[in-house]
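So the structure is just underneath, and the comments pick up after that.
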């Protein structure tokens, strides 16, 4: 894999964190698609829940696309990992599905917080460097 001529001031740690986030968003999209298909089944027939999870799946995929576009724009390379079997494909009801979705969202949010700490560290290093160069 050759390096990008567009890459400038894009820390490898940031690229790695964004790639992890992209893959987590894609996994969430896949999981939500499983939720959608469960609630859309003829023996479950909960159309509003199905539509909610269909939209959630679409939203997660859009997040992954936007992050991938950003990585490319910065001269990085998007690294895809395997998509796992959905975390759950059967539910005891809507509350069970919503609790599962909440746990997924917390995991995605935790990764966002790790990235935020990394971003703050890089900004802090940049500010120290700027002060040193004055």
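Glycine residues also receive a Cβ, built from the backbone N, Cα and C atoms like all the rest.
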Say TrEMBL lists 25, 60, 63 as binding Fe cation: which of 105, 110, 116 is in the same site, per that record?
105
Sequence-distant neighbours of residue 25 (Fe cation binding site) in its chain (C-beta under 8 A, six or more apart):
60, 61, 63, 64, 67, 108
Which of 60, 63, 105 has the fewest nearby Cβ atoms, counting only those within 10 Å, among these binding-site residues?
105
